[in-house]
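*Asks:* After the C-alpha coordinates below, expect a handful of questions from me.
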Amino acid sequence: MLTADDPSPLPPSWAGGILTIDLDALAANYRSLRDRLAPGIVCAAAVKADAYGLGARKVVPVLHAAGCRTFFVAHLAEGVEIRPLLDADSTIVVLNGAMPGTEADLHAHGLVPVLNSVEQVAAWRSLARVRGTSLPAVLQVDSGMSRFGLSEDNLRAMADRPDALAGITPLLVMSHLACADEPAHPANHAQRASFLRLRDLLPPVPASLAASSGLFMGDVWHFDMVRPGAALYGINPTPGWPNPMRPVVRLQARIVQTRMIGPGTAVGYGAAFIADRPSRIATLAVGYGDGFPRAIGGHGTAILPARPEIGLPIVGRMSMDCLAVDVTELDDTPLPPGTALDLIGPHCPIEAAALAAGTIGYELLTGLGARYHRIYTAK
Ligand SMILES: *Cc1c(COP(=O)(O)O)cnc(C)c1O
(Lines of atoms letter the chains of each structure in order from A and count residues from 1; the text may use other names and numbers.)
(Lines give C-alpha, C1' and ligand atoms only; values in the text may rest on other atoms or scores of the structure.)
Protein backbone atom coordinates (compact mmCIF):
# COMPACT_ATOMS: atom_id res chain seq x y z
CA MET A 1 0.00 0.00 0.00
CA LEU A 2 1.23 3.50 -0.77
CA THR A 3 1.35 6.09 1.92
CA ALA A 4 -0.95 9.02 1.26
CA ASP A 5 1.77 11.62 0.91
CA ASP A 6 3.81 9.90 -1.75
CA PRO A 7 6.43 12.58 -2.47
CA SER A 8 6.92 11.84 -6.18
CA PRO A 9 4.74 14.28 -8.06
CA LEU A 10 4.92 12.39 -11.35
CA PRO A 11 3.04 9.21 -12.23
CA PRO A 12 5.10 6.05 -11.64
CA SER A 13 4.59 5.04 -15.24
CA TRP A 14 6.72 8.02 -16.27
CA ALA A 15 9.78 6.74 -14.44
CA GLY A 16 12.50 4.46 -15.72
CA GLY A 17 13.40 3.29 -12.25
CA ILE A 18 11.28 2.65 -9.18
CA LEU A 19 12.72 2.83 -5.69
CA THR A 20 10.53 1.27 -3.03
CA ILE A 21 11.32 1.89 0.62
CA ASP A 22 9.62 -0.34 3.16
CA LEU A 23 9.00 1.83 6.21
CA ASP A 24 7.61 -1.10 8.21
CA ALA A 25 10.88 -2.98 7.68
CA LEU A 26 12.77 0.14 8.75
CA ALA A 27 10.78 0.34 12.00
CA ALA A 28 11.17 -3.41 12.57
CA ASN A 29 14.93 -3.08 12.08
CA TYR A 30 15.08 -0.29 14.65
CA ARG A 31 13.15 -2.38 17.18
CA SER A 32 15.23 -5.48 16.55
CA LEU A 33 18.45 -3.54 17.14
CA ARG A 34 17.07 -1.96 20.30
CA ASP A 35 15.96 -5.40 21.52
CA ARG A 36 19.57 -6.56 21.37
CA LEU A 37 20.51 -4.00 24.03
CA ALA A 38 20.29 -4.40 27.77
CA PRO A 39 17.56 -2.30 29.38
CA GLY A 40 18.52 1.34 29.74
CA ILE A 41 20.94 1.41 26.83
CA VAL A 42 19.90 3.94 24.23
CA CYS A 43 19.52 3.03 20.58
CA ALA A 44 20.13 6.18 18.53
CA ALA A 45 19.98 6.36 14.73
CA ALA A 46 22.39 7.70 12.12
CA VAL A 47 20.29 9.57 9.57
CA LYS A 48 23.10 11.50 7.87
CA ALA A 49 23.30 11.82 4.09
CA ASP A 50 19.50 12.00 3.80
CA ALA A 51 19.14 8.81 5.85
CA TYR A 52 21.64 6.98 3.65
CA GLY A 53 19.83 8.15 0.52
CA LEU A 54 16.42 6.86 1.60
CA GLY A 55 14.92 10.24 2.47
CA ALA A 56 15.39 11.67 5.96
CA ARG A 57 12.00 13.37 5.90
CA LYS A 58 10.32 9.97 5.60
CA VAL A 59 12.73 7.96 7.71
CA VAL A 60 13.03 10.20 10.76
CA PRO A 61 9.32 10.23 11.75
CA VAL A 62 9.16 6.44 11.38
CA LEU A 63 12.17 5.98 13.64
CA HIS A 64 10.68 8.42 16.15
CA ALA A 65 7.44 6.45 16.17
CA ALA A 66 9.49 3.30 16.77
CA GLY A 67 10.96 4.93 19.87
CA CYS A 68 14.16 6.61 18.68
CA ARG A 69 14.93 9.94 20.36
CA THR A 70 18.56 10.58 19.37
CA PHE A 71 19.47 11.23 15.74
CA PHE A 72 22.93 11.71 14.26
CA VAL A 73 23.48 13.81 11.14
CA ALA A 74 26.80 14.90 9.66
CA HIS A 75 26.12 18.53 8.76
CA LEU A 76 24.34 21.55 10.18
CA ALA A 77 22.05 21.70 7.12
CA GLU A 78 20.99 18.08 7.61
CA GLY A 79 20.06 18.84 11.20
CA VAL A 80 18.11 21.95 10.19
CA GLU A 81 16.18 19.85 7.66
CA ILE A 82 14.97 17.28 10.19
CA ARG A 83 14.55 19.56 13.23
CA PRO A 84 10.92 20.48 12.33
CA LEU A 85 10.03 16.78 12.14
CA LEU A 86 10.92 16.23 15.78
CA ASP A 87 9.68 17.51 19.11
CA ALA A 88 11.87 18.89 21.85
CA ASP A 89 11.99 15.35 23.28
CA SER A 90 14.47 14.40 20.57
CA THR A 91 18.15 15.27 20.32
CA ILE A 92 19.82 15.89 16.97
CA VAL A 93 23.60 15.55 17.08
CA VAL A 94 25.79 17.02 14.31
CA LEU A 95 28.75 14.67 13.89
CA ASN A 96 31.06 17.08 12.08
CA GLY A 97 30.40 19.73 14.69
CA ALA A 98 30.09 23.40 13.79
CA MET A 99 32.12 24.83 10.93
CA PRO A 100 33.77 28.07 12.10
CA GLY A 101 31.22 30.85 12.43
CA THR A 102 28.16 28.55 12.40
CA GLU A 103 28.03 27.86 16.14
CA ALA A 104 25.18 30.31 16.76
CA ASP A 105 23.17 28.88 13.85
CA LEU A 106 23.64 25.38 15.15
CA HIS A 107 22.45 26.46 18.58
CA ALA A 108 19.55 28.51 17.18
CA HIS A 109 18.21 25.41 15.43
CA GLY A 110 18.31 23.35 18.59
CA LEU A 111 21.12 21.10 17.40
CA VAL A 112 23.87 19.58 19.50
CA PRO A 113 27.39 19.58 18.03
CA VAL A 114 29.97 16.90 18.44
CA LEU A 115 33.08 18.71 19.67
CA ASN A 116 35.87 17.00 17.80
CA SER A 117 38.84 19.30 18.35
CA VAL A 118 40.21 21.90 20.74
CA GLU A 119 39.09 24.56 18.26
CA GLN A 120 35.52 23.28 18.33
CA VAL A 121 35.57 23.10 22.13
CA ALA A 122 36.85 26.69 22.33
CA ALA A 123 34.26 28.01 19.88
CA TRP A 124 31.40 26.33 21.76
CA ARG A 125 32.77 27.59 25.08
CA SER A 126 32.89 31.14 23.77
CA LEU A 127 29.33 30.96 22.44
CA ALA A 128 28.25 29.79 25.89
CA ARG A 129 30.13 32.71 27.47
CA VAL A 130 28.52 35.23 25.11
CA ARG A 131 25.09 33.78 25.81
CA GLY A 132 25.78 33.58 29.53
CA THR A 133 24.41 30.08 29.60
CA SER A 134 25.52 26.47 29.46
CA LEU A 135 25.31 24.69 26.10
CA PRO A 136 24.98 20.93 25.54
CA ALA A 137 27.53 19.09 23.44
CA VAL A 138 28.82 15.62 22.64
CA LEU A 139 32.55 15.14 23.12
CA GLN A 140 34.40 12.92 20.69
CA VAL A 141 37.74 11.31 21.52
CA ASP A 142 40.07 9.80 18.94
CA SER A 143 40.46 6.18 20.03
CA GLY A 144 42.53 5.21 17.02
CA MET A 145 40.79 6.06 13.76
CA SER A 146 42.61 9.41 13.36
CA ARG A 147 39.57 11.02 11.85
CA PHE A 148 37.61 12.99 14.41
CA GLY A 149 38.06 13.62 18.07
CA LEU A 150 40.22 14.99 20.83
CA SER A 151 43.60 13.33 21.21
CA GLU A 152 45.04 12.06 24.46
CA ASP A 153 47.32 15.13 24.57
CA ASN A 154 44.31 17.42 24.08
CA LEU A 155 42.45 15.68 26.88
CA ARG A 156 45.39 15.79 29.29
CA ALA A 157 45.83 19.50 28.60
CA MET A 158 42.10 20.03 29.21
CA ALA A 159 42.20 17.98 32.41
CA ASP A 160 44.83 20.41 33.74
CA ARG A 161 42.58 23.40 33.09
CA PRO A 162 39.50 23.60 35.33
CA ASP A 163 37.73 25.94 32.90
CA ALA A 164 38.38 23.80 29.80
CA LEU A 165 34.71 22.85 29.55
CA ALA A 166 33.30 25.97 31.21
CA GLY A 167 29.80 26.62 29.91
CA ILE A 168 29.63 23.23 28.17
CA THR A 169 27.27 20.52 29.36
CA PRO A 170 28.64 17.24 28.02
CA LEU A 171 25.78 14.86 27.19
CA LEU A 172 27.92 12.03 25.87
CA VAL A 173 31.49 11.03 25.16
CA MET A 174 31.85 9.08 21.94
CA SER A 175 34.31 7.51 19.57
CA HIS A 176 34.00 5.39 16.44
CA LEU A 177 35.34 1.95 15.53
CA ALA A 178 37.37 1.62 12.32
CA CYS A 179 37.19 -2.17 11.96
CA ALA A 180 33.88 -3.28 13.49
CA ASP A 181 32.94 -5.08 10.27
CA GLU A 182 35.82 -7.46 11.13
CA PRO A 183 35.03 -8.41 14.74
CA ALA A 184 38.29 -10.33 15.17
CA HIS A 185 40.43 -7.39 14.03
CA PRO A 186 42.86 -6.50 16.86
CA ALA A 187 42.21 -2.77 16.27
CA ASN A 188 38.78 -3.17 17.88
CA HIS A 189 40.14 -4.14 21.29
CA ALA A 190 42.87 -1.53 21.03
CA GLN A 191 40.26 1.13 20.31
CA ARG A 192 38.05 -0.01 23.18
CA ALA A 193 40.98 0.10 25.61
CA SER A 194 41.95 3.54 24.34
CA PHE A 195 38.33 4.73 24.64
CA LEU A 196 38.14 3.60 28.26
CA ARG A 197 41.39 5.38 29.09
CA LEU A 198 40.45 8.63 27.32
CA ARG A 199 36.96 8.67 28.80
CA ASP A 200 38.51 8.74 32.27
CA LEU A 201 40.14 12.07 31.44
CA LEU A 202 36.69 13.66 31.07
CA PRO A 203 33.86 14.27 33.52
CA PRO A 204 31.74 11.13 34.00
CA VAL A 205 29.05 11.19 31.29
CA PRO A 206 27.36 8.46 29.24
CA ALA A 207 29.54 6.85 26.58
CA SER A 208 29.04 5.54 23.04
CA LEU A 209 31.39 3.57 20.81
CA ALA A 210 29.40 1.21 18.56
CA ALA A 211 27.56 1.73 15.27
CA SER A 212 25.78 -1.07 13.36
CA SER A 213 28.55 -3.66 13.31
CA GLY A 214 29.85 -2.85 16.77
CA LEU A 215 26.36 -3.43 18.13
CA PHE A 216 26.61 -7.06 16.95
CA MET A 217 29.98 -7.58 18.64
CA GLY A 218 28.32 -7.92 22.03
CA ASP A 219 27.41 -6.16 25.25
CA VAL A 220 30.83 -4.79 26.20
CA TRP A 221 30.78 -2.64 23.07
CA HIS A 222 27.41 -1.03 23.80
CA PHE A 223 28.30 1.31 26.68
CA ASP A 224 25.32 3.66 27.21
CA MET A 225 24.31 4.30 23.60
CA VAL A 226 24.72 2.67 20.20
CA ARG A 227 24.48 4.62 16.93
CA PRO A 228 23.43 2.29 14.10
CA GLY A 229 22.80 3.59 10.60
CA ALA A 230 23.44 0.98 7.90
CA ALA A 231 21.65 -1.88 9.69
CA LEU A 232 18.47 0.19 9.97
CA TYR A 233 18.39 0.47 6.20
CA GLY A 234 18.92 -3.25 5.63
CA ILE A 235 22.67 -3.31 5.01
CA ASN A 236 24.18 -6.44 6.55
CA PRO A 237 26.00 -5.39 9.77
CA THR A 238 27.64 -8.84 9.99
CA PRO A 239 29.51 -9.22 6.68
CA GLY A 240 30.19 -12.84 5.86
CA TRP A 241 27.25 -14.00 7.98
CA PRO A 242 23.54 -14.14 7.11
CA ASN A 243 21.96 -10.70 7.19
CA PRO A 244 19.96 -10.37 10.43
CA MET A 245 18.15 -7.27 9.15
CA ARG A 246 15.02 -6.99 7.04
CA PRO A 247 15.49 -5.57 3.54
CA VAL A 248 14.23 -2.00 3.30
CA VAL A 249 15.17 -1.01 -0.25
CA ARG A 250 14.01 -2.38 -3.56
CA LEU A 251 15.25 -0.85 -6.81
CA GLN A 252 13.58 -1.79 -10.06
CA ALA A 253 14.41 -0.75 -13.62
CA ARG A 254 11.89 -0.92 -16.42
CA ILE A 255 12.47 -2.43 -19.82
CA VAL A 256 12.41 -0.01 -22.76
CA GLN A 257 12.96 -2.60 -25.47
CA THR A 258 14.33 -6.06 -26.12
CA ARG A 259 16.11 -7.42 -29.18
CA MET A 260 17.65 -10.62 -30.48
CA ILE A 261 21.29 -10.42 -31.52
CA GLY A 262 23.56 -12.93 -33.18
CA PRO A 263 26.95 -14.20 -32.02
CA GLY A 264 29.66 -11.58 -32.56
CA THR A 265 27.28 -8.66 -32.06
CA ALA A 266 28.40 -5.90 -29.67
CA VAL A 267 26.32 -4.30 -26.90
CA GLY A 268 26.83 -0.77 -25.59
CA TYR A 269 29.68 1.77 -25.50
CA GLY A 270 33.13 0.60 -26.40
CA ALA A 271 31.69 -2.67 -27.71
CA ALA A 272 32.77 -4.00 -24.34
CA PHE A 273 30.39 -6.96 -24.55
CA ILE A 274 30.21 -9.17 -27.59
CA ALA A 275 27.63 -11.94 -27.64
CA ASP A 276 29.06 -15.43 -28.05
CA ARG A 277 25.69 -17.02 -28.79
CA PRO A 278 22.33 -15.93 -30.12
CA SER A 279 21.21 -13.63 -27.32
CA ARG A 280 18.21 -11.73 -26.17
CA ILE A 281 19.15 -8.31 -24.79
CA ALA A 282 16.88 -6.04 -22.76
CA THR A 283 17.58 -2.30 -22.47
CA LEU A 284 16.56 -0.99 -19.03
CA ALA A 285 15.86 2.66 -18.27
CA VAL A 286 18.32 3.10 -15.40
CA GLY A 287 21.90 4.30 -15.83
CA TYR A 288 24.69 6.01 -13.97
CA GLY A 289 22.72 9.25 -14.25
CA ASP A 290 20.41 7.69 -11.68
CA GLY A 291 23.27 7.12 -9.30
CA PHE A 292 23.45 3.43 -10.11
CA PRO A 293 27.19 2.75 -10.23
CA ARG A 294 28.63 2.54 -13.72
CA ALA A 295 31.19 0.01 -12.50
CA ILE A 296 28.45 -2.61 -12.20
CA GLY A 297 28.33 -2.88 -16.00
CA GLY A 298 29.68 -6.29 -16.94
CA HIS A 299 29.50 -7.55 -13.36
CA GLY A 300 26.06 -7.14 -11.83
CA THR A 301 22.85 -9.12 -12.00
CA ALA A 302 19.21 -8.26 -12.55
CA ILE A 303 16.24 -10.46 -11.60
CA LEU A 304 12.81 -10.89 -13.15
CA PRO A 305 10.67 -11.22 -10.00
CA ALA A 306 8.62 -14.04 -11.56
CA ARG A 307 11.85 -16.05 -12.19
CA PRO A 308 13.98 -15.28 -9.14
CA GLU A 309 16.17 -18.33 -9.66
CA ILE A 310 17.70 -16.89 -12.84
CA GLY A 311 20.41 -14.26 -12.40
CA LEU A 312 20.40 -12.10 -15.52
CA PRO A 313 23.82 -10.56 -16.24
CA ILE A 314 24.16 -6.81 -16.72
CA VAL A 315 26.32 -6.74 -19.85
CA GLY A 316 28.59 -4.16 -21.44
CA ARG A 317 29.21 -0.63 -20.23
CA MET A 318 26.42 1.19 -18.54
CA SER A 319 25.13 4.35 -20.19
CA MET A 320 23.91 7.50 -18.44
CA ASP A 321 20.26 6.60 -18.87
CA CYS A 322 20.18 2.88 -19.54
CA LEU A 323 21.87 -0.44 -19.05
CA ALA A 324 21.73 -3.73 -20.94
CA VAL A 325 20.75 -7.08 -19.47
CA ASP A 326 21.26 -10.44 -21.14
CA VAL A 327 17.85 -12.09 -20.74
CA THR A 328 18.60 -15.08 -22.96
CA GLU A 329 18.10 -17.51 -20.05
CA LEU A 330 14.46 -16.44 -19.81
CA ASP A 331 13.89 -18.12 -23.22
CA ASP A 332 10.74 -16.68 -24.71
CA THR A 333 9.21 -15.37 -21.48
CA PRO A 334 7.26 -12.29 -22.55
CA LEU A 335 9.06 -9.10 -21.53
CA PRO A 336 6.87 -6.28 -22.79
CA PRO A 337 8.17 -2.71 -22.53
CA GLY A 338 7.61 -1.38 -19.03
CA THR A 339 8.35 -4.73 -17.35
CA ALA A 340 10.32 -4.13 -14.14
CA LEU A 341 13.47 -6.06 -13.29
CA ASP A 342 15.00 -5.90 -9.82
CA LEU A 343 18.47 -4.38 -9.47
CA ILE A 344 18.23 -4.43 -5.67
CA GLY A 345 15.63 -6.73 -4.18
CA PRO A 346 14.91 -9.94 -2.34
CA HIS A 347 17.01 -11.99 -4.78
CA CYS A 348 19.69 -9.39 -5.50
CA PRO A 349 20.67 -7.92 -2.12
CA ILE A 350 22.42 -4.59 -1.69
CA GLU A 351 25.66 -6.36 -0.79
CA ALA A 352 25.70 -8.36 -4.04
CA ALA A 353 25.07 -5.29 -6.17
CA ALA A 354 27.68 -3.32 -4.24
CA LEU A 355 30.25 -6.10 -4.58
CA ALA A 356 29.61 -6.30 -8.32
CA ALA A 357 30.25 -2.55 -8.54
CA GLY A 358 33.43 -2.77 -6.45
CA THR A 359 31.91 -0.74 -3.64
CA ILE A 360 29.96 -1.15 -0.40
CA GLY A 361 26.26 -0.99 0.35
CA TYR A 362 26.72 2.36 2.07
CA GLU A 363 27.96 4.00 -1.10
CA LEU A 364 25.33 2.31 -3.23
CA LEU A 365 22.49 3.61 -1.04
CA THR A 366 23.84 7.12 -0.51
CA GLY A 367 24.36 7.39 -4.27
CA LEU A 368 20.72 6.64 -5.12
CA GLY A 369 19.71 9.44 -7.42
CA ALA A 370 16.76 11.78 -7.67
CA ARG A 371 15.34 10.36 -10.91
CA TYR A 372 13.67 7.27 -9.53
CA HIS A 373 10.00 7.20 -8.74
CA ARG A 374 10.03 6.74 -4.98
CA ILE A 375 7.39 4.70 -3.25
CA TYR A 376 7.27 4.56 0.54
CA THR A 377 5.23 1.62 1.77
CA ALA A 378 3.74 1.17 5.22
CA LYS A 379 0.83 -0.88 6.51
C1 LIG B 1 27.96 6.93 10.11
C2 LIG B 1 28.26 6.83 11.55
C3 LIG B 1 27.54 5.94 12.35
C4 LIG B 1 26.62 4.90 11.78
O5 LIG B 1 27.44 3.89 11.19
P6 LIG B 1 26.83 2.56 10.55
O7 LIG B 1 28.02 1.75 10.22
O8 LIG B 1 26.10 3.01 9.32
O9 LIG B 1 25.93 1.95 11.54
C10 LIG B 1 27.75 5.97 13.71
N11 LIG B 1 28.66 6.82 14.26
C12 LIG B 1 29.39 7.67 13.51
C13 LIG B 1 30.37 8.57 14.17
C14 LIG B 1 29.23 7.69 12.14
O15 LIG B 1 29.98 8.51 11.39
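Glycine is no exception: its Cβ is also placed from the backbone N, Cα and C atoms.
Grabbed the feature section from TrEMBL, which reads as follows:
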| type | residues | note |
| --- | --- | --- |
| ACT_SITE | Lys48 | active site, proton acceptor |
| MOD_RES | Lys48 | N6-(pyridoxal phosphate)lysine |
| BINDING | Arg147, Met320 | substrate binding site |
| DOMAIN | 248-377 | domain 'Alanine racemase C-terminal' |
| ACT_SITE | Tyr269 | active site, proton acceptor |
*Asks:* Sorry to bug you, but what's the C-alpha spacing from Tyr269 (active site, proton acceptor) to Met320 (substrate binding site), rounded to the closest Å?
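*Replies:* Between the Cα atoms of Met320 (substrate binding site) and Tyr269 (active site, proton acceptor), the distance comes to 11 Å.
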*Asks:* Let me spell it out: for each of the recorded positions (Lys48, Arg147), count the other Cβ atoms within 10 Å of that residue's Cβ, using every protein chain shown. Which one has the most?
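*Replies:* Neighbour-count leader: Lys48.
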*Asks:* What is the Cβ neighbour count of Tyr269 (active site, proton acceptor) at a 10 Å cut-off, with all protein chains included?
*Replies:* 12
*Asks:* C-alpha of Lys48 (active site, proton acceptor) to C-alpha of Arg147 (substrate binding site): distance in Å?
*Replies:* 17
*Asks:* To the nearest whole angstrom, what is the C-alpha distance linking Tyr269 (active site, proton acceptor) and Arg147 (substrate binding site)?
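*Replies:* Tyr269 (active site, proton acceptor) and Arg147 (substrate binding site) have their Cα atoms 40 Å apart.
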*Asks:* Count up the helix, strand and coil residues in the domain 'Alanine racemase C-terminal' (248-377) according to DSSP, in that order.
*Replies:* 25 helix, 46 strand, 59 coil
*Asks:* Just how many other Cβ atoms lie inside 10 Å of the Cβ on Met320 (substrate binding site)?
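*Replies:* Neighbour count, Cβ to Cβ under the 10 Å cut-off: 10.
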